[in-house]
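Here is the structure we will look at.
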Amino acid sequence: ESLKNCEFFEGEWVKDDSYPLYKPGSCNLIDEQFNCISNGRPDVDFHKLKWKPKKCTLPRLNGGRLLKMIRGRRLVFVGDSLNRNMWESLVCILKGSVKDESQVFEAHGR
């Protein structure tokens with residue numbers, strides 16, 4: 001299916017047993033106040049959900065491929081705490097895509 005025909009804003013959440021893209025609770029980069037696991041969220045079913053837009057299927061994120069694509073470039077997230085959550089999740093996915101996780105670090109800037 002072509003992404004050109006995607007209805008990104010119309011679709012549904014569907015269960016996908018190949019998710020999550022990193023083990024919940026395994027990433028030390030998630031801010032404590034946003035860490036569902038350490039804050040006692042009782043359900044875990046949401047870890048297996050992915051967005052399925054109408055008229056297409058989004059490809060699964062390949063962390064290694066993304067790292068190669070952005071090598072030598074900057075990827076900047078601007079926004080509020082929701083954007084921060086997405087950034088943290090992406091970094092955790094990318095961290096799980098490298099052989100030496102010590103090569104992943106967090107830099108703060110304003």
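A Cβ is built for glycine as well, from the same backbone N, Cα and C atoms used for every other residue.
Listed in TrEMBL:
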DOMAIN    4-56  domain 'Trichome birefringence-like N-terminal'
DOMAIN    58-106  domain 'Trichome birefringence-like C-terminal'
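Counting residue by residue with DSSP, the domain 'Trichome birefringence-like N-terminal' (4-56) contains 9 helix, 15 strand, 29 coil.
Taking H, G and I as helix, E and B as strand and the rest as coil, DSSP gives the domain 'Trichome birefringence-like C-terminal' (58-106) the counts 26 helix, 0 strand, 23 coil. Restricting the average to the domain 'Trichome birefringence-like C-terminal' (58-106) gives a pLDDT of 87.
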